[in-house]
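> Relevant sequence annotations retrieved from TrEMBL are reproduced here:
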- 317-358: repeat 'WD' (REPEAT)
- 360-401: repeat 'WD' (REPEAT)
- 403-444: repeat 'WD' (REPEAT)
- 446-481: repeat 'WD' (REPEAT)
- 489-530: repeat 'WD' (REPEAT)
- 532-573: repeat 'WD' (REPEAT)
- 575-616: repeat 'WD' (REPEAT)
- 661-702: repeat 'WD' (REPEAT)
- 747-788: repeat 'WD' (REPEAT)
- 790-831: repeat 'WD' (REPEAT)
- 833-865: repeat 'WD' (REPEAT)
- 872-907: repeat 'WD' (REPEAT)
Amino acid sequence: MLTNKSDLARPETAYQRMISMERNGVIDDLYSLILEHVEPGVYADMYKMLSLLLVAFEPLTVDDVDDILRHAAVHRAAKTLVQNLTSVLTEDGTTQLIRFRHPTFVEYLRRCSVLPGLEKRKDVPINLRDAHGQAASWCFKHLRSQTRGLKFNICQIESSFHLNREILDLETRISKFISRGLQYASTHWPFHLAETDKEWRATLKSELGSALQCPYILYWMEVLSLTGGVPRAIQGLRDITRHKDIEEHRNDIIEIRRLMTTFAVPIQDSAPQIYISALPFAPTASKLHIEGLKMYTGTLSVTHGLEEQYRRPPEVLRGHEDSVRGIAFSPDGSRIVSGSADNTIRLWDAETGRPIGDPLRGHEDSILAIAYSPDGSRIVSGSSDRMIRLWDADTGQPLGEPLQGHRNWVSSVAFSPDGLNIVSGSWDSTVRLWDVETGQPLGQPIRGHEEWVTCVAFSPNGSRIVSSSWDKTIRLWDVETCHPLGEPLRGHEHWVNTVAFSPDGLRLVSGSWDMTLRIWDAETGQQLGDPLIGHEDDINVVIFSPDGSRIISGSLDATIRVWDAETGKQVGSALRGHQDSVASLAFSPDASHFASGSSDATIRFWDANTAQSLGISQHGHQGPVHTVAFSRDGSQIASGSSDGTIKLWNATTGNPSGDSLRGHENGVKNVVFSPDGTIVVSSSADGTIRLWDVQTGHQLGTSFRGHHGSVNALAMSPDGSSIVSGSIDKTIRLWNSTTGQLLGGPLLGHQASVNAVAYSPDGSRVVSGSKDKTIRLWNATNGQSLGDPLRGHKEQINALAFSPDGSKIASGSQDATVRLWDATTGQPLGDPLLGHEASILAIAFSPYGSRIISGSADKTIRIWDGIDSQVLRGHQHAVNSVIYSPDGLYILSGSSDMTIRLWEAETCRAADLTLLDCESGFGDDILPPQSARSTSVSMDNWNGMLNSDTGHPLSELDIPAQPCDPLKNEKPQRILLRKLVPGFRKCYLTSDGWVKSAGKYLFWVPDDNRHGLQYFHRLTMPTYRDATTNEVFGLFSTHF
């Protein structure tokens, strides 16, 4: 057992005794005995080496340890120290890697680092902070080594046309050019610096500053790219920024992390793309962009479309296709995990709001609950497929087999504070405990509830479990015995959906279908104070803030409410933004903000102090956009939304014109401009019509009232003198637009809700469409019906339009067809137009009448030329409104995805659409439109690597502002770029952002700049907007 002679038992016997001991005290004595037999003169050096081995993030070689010890002014050889500790350390004869023989010795050393040495001797304690400092210092030495340190193109890659994984001898190059010490230093220096103490960080301030400077930070990224260390480095930089003693370098670290996060795809895929893609597309005011492009002047030059600063996270995260039922922050606050009824789990970067990797798939039904382990290494999920699954939080890979045992939906899961156990609650009315390592259940199911268990949680000290149930009770359980603690907590008058412990474990809060929250004494089970009342529907979720001072609740009423945990009083007004039930809530670890998940399939962020939305608003409206309109001169756009507001926009810039127009008490159904553009007319589900002054935004006069229900349809006569409206009350009404007086009685004839109305171009007729599947024509002067109803659609009529010459009527229906009618005879013209896959919600003629556009619940817009149509894709939800600009150059659309989009309306032949096969018949003479902006490319500084295959440099690449979408339904994989890069016959954009030619990777385009390459529209509104300052940050640019 020991290297010097001893009369103790044989090493094998002693070793087995050691690892079989259960009590820490006994095994500590045995390990202490081993260390006592080391020569006293080497104690200090031995502990330094053990400390370094203990903090190392991967095994070190003898040479590595020797190097670190010399760097720390310890002149004893590592091999000698290992030979003195062969009973607890082993050296691999082939790799020279030093390893601990058994984890119990590691645990012992960690205890020594907590307990300052063994009192019976003058020991040198294990000093982990100092060891991390020594390791960080050693790492910085390796990074800046003149011979084996960081350098440009460290692996001497000859071509940037190929991704790292395509370089056949990459591993050989890495072994040859990147020493093991440099690999270790590049991967782990941020973590060593984060884990050391403030004295060491002060000592290493200069080394840190040097490491963060350009170009060395770029060389560091090269090593990370080649060795797969980018994700870990991003996390390490975040860990450093948590320390207040690095303020001098904080901004640099944050900027470097943002660059690596934003450009993670090209940086991870190809080391040369650090210079070719990341630097050119970085924000123009960022230090790396400015300094990097000064050093590498021949790289890509992006002339238009760049942001000045990195954006803050959006206030809304979109990606799930169904209700977000569970969300959780990682313990370090860097990530968010969400589980959805779309059967997927998603990981998000909490700083940028960007998704991390692909969705995690494995569950066969809705994910109902999600949680992080206390150390952040695992994620647990519970599903209506009755399974519990564990996932690796870094890789997203499933860990082991699903945990099976529940006989109904798993509604709630939680980790114990020590991370060793999981508790689950199920609709089978039981609570279960599970061993995290083995996945096995611990004991029998915990029974006691008489209905579905809806929520479970551990107490902060891990000794108790609380559960809530649809039996209207809350129960507490002893973790060790699984026995109930006291009687059930009763008081709620309906099903209890949610329960949570306060951070100190002294209180509980619960939420119920009785629309109340209740606070309880966790020891006595007594209710504390009166119920908290404010929500207008069932309460789905409730949490305490990390400091216990606030309670946050989410409800089926689509609101979030903040409560004072001491007084039970509501703090401020309800938080609104979600369009459906709030299903999940989670606080960030630092308590600065919280996140909410909703049945509207979104995640939102809220400031915990101000209770306001966080981030940059991606949408001006906070609900589906039902209607859009152009002013007659095309200079302004109006939009109306289910959020009850009307917004005005500059049609050229996309900037909002003034504040929202507010007054309607329900969703806005329609907006139209007066012929002179000075007035906007709106109708609403509140049953009113209102006129607004475009200049002031003020309402003009009183609301027009007369309908008995939602005003679904609205139009203004061509001369602006009258207004026609259609309502859910089955009537049509004519109004004097100046006085608001009704022009005669209601127009009766439809047997159901009137969904659409329009004036003929000469103002003499009105056409109406109804839920009764008919279209009717009326005399606009006297309100008389003209002829018989037009019949042909199989479902309700949603949209109508007159042709500019008044000879035709176009109709769109829930039967997914467009029909044309002779406006004089009422006869159908030809067969229905087929192509949409869902209800048609909007329709319009082009100004010259040659084309028709339609918007549909299938998320697309179609441009019809006869029976043929072209498809415009981009909206994420139903297209509720479409209209041509007065000059016919643009198409305006509004959608339930809360955006307005402006599309260029020029003709696109099918052959000129998205390239699905890169060799499919595109000539070299396809030129970009005049509005396209150029990106200048010259890569000569990468030692000619970009032109090694062609002999031609890259230069002047023009990217079109509006490539069309394919007529096919499948998602395009590649989009042809209309002007070629000299030396490359065809260039195209892949779905993941790469610009390629003949299989060669030229450069990568970020999402925001890629936008216009993928879709046909020129402009998306509203602009990115700071939710607090209302400052506009710029348009969704579709070209560079």
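We number each residue from 1, going along the chain as drawn.
Using the three backbone atoms N, Cα and C, a Cβ is placed for every residue, glycine included.
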> Take the repeat 'WD' (317-358) and find every residue of the same chain, 6 or more past its ends, with a Cβ under 8 Å from one of its Cβ atoms.
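Residues 235, 238-239, 242, 257-258, 261-262, 310-311, 364-372, 374-376, 379, 381, 383, 391, 393, 396, 580-581, 583-590, 595-604, 615, 876 contact the repeat 'WD' (317-358) from elsewhere in the chain.
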> Which residues of the same chain, at least 6 past either end of the repeat 'WD' (833-865), have a Cβ under 8 Å from a Cβ in it?
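The answer is 795, 798-805, 808, 810-820, 871-873, 875-884, 886-888, 891, 893, 895, 903, 905, 907.
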> Residue counts in helix (H, G, I), strand (E, B) and coil for the repeat 'WD' (661-702), per DSSP?
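Summed by class, the stretch gives 0 helix, 24 strand, 18 coil.
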> Going along the chain, which residues at least six beyond the ends of the repeat 'WD' (747-788) come within the CB cut-off of under 8 Å?
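Residues packing against the repeat 'WD' (747-788) from afar: 712-719, 722, 724-734, 794-802, 804-806, 809, 811, 813, 821, 823, 826.
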> Please indicate, using numbers and ranges, the residues of the same chain that are 6 or more beyond the repeat 'WD' (790-831) and have a C-beta under 8 Å from a C-beta there.
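Same-chain contacts beyond the flanks: 752-753, 755-762, 765, 767-777, 837-845, 847-849, 852, 854, 856, 858, 864, 867.
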> The repeat 'WD' (532-573): which same-chain residues, six or more beyond its ends, come within Cβ distance under 8 Å?
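Counting only partners 6 or more residues beyond its ends, the repeat 'WD' (532-573) has Cβ contacts under 8 Å with 494, 497-504, 507, 509-513, 515-519, 579-587, 589-591, 594, 596, 598, 600, 606, 608, 611.
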> Determine how many residues of the repeat 'WD' (360-401) DSSP places in helix, in strand and in coil.
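In the repeat 'WD' (360-401), the DSSP-based counts are 0 helix, 19 strand, 23 coil.
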> Take every residue in the repeat 'WD' (872-907), average their pLDDT values, and give the whole-number result.
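Here the mean pLDDT over the repeat 'WD' (872-907) amounts to 85.
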> Give me the DSSP three-state residue breakdown of the repeat 'WD' (317-358), ordered helix, strand, coil.
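Result for the repeat 'WD' (317-358), in helix, strand, coil order: 0 helix, 23 strand, 19 coil.
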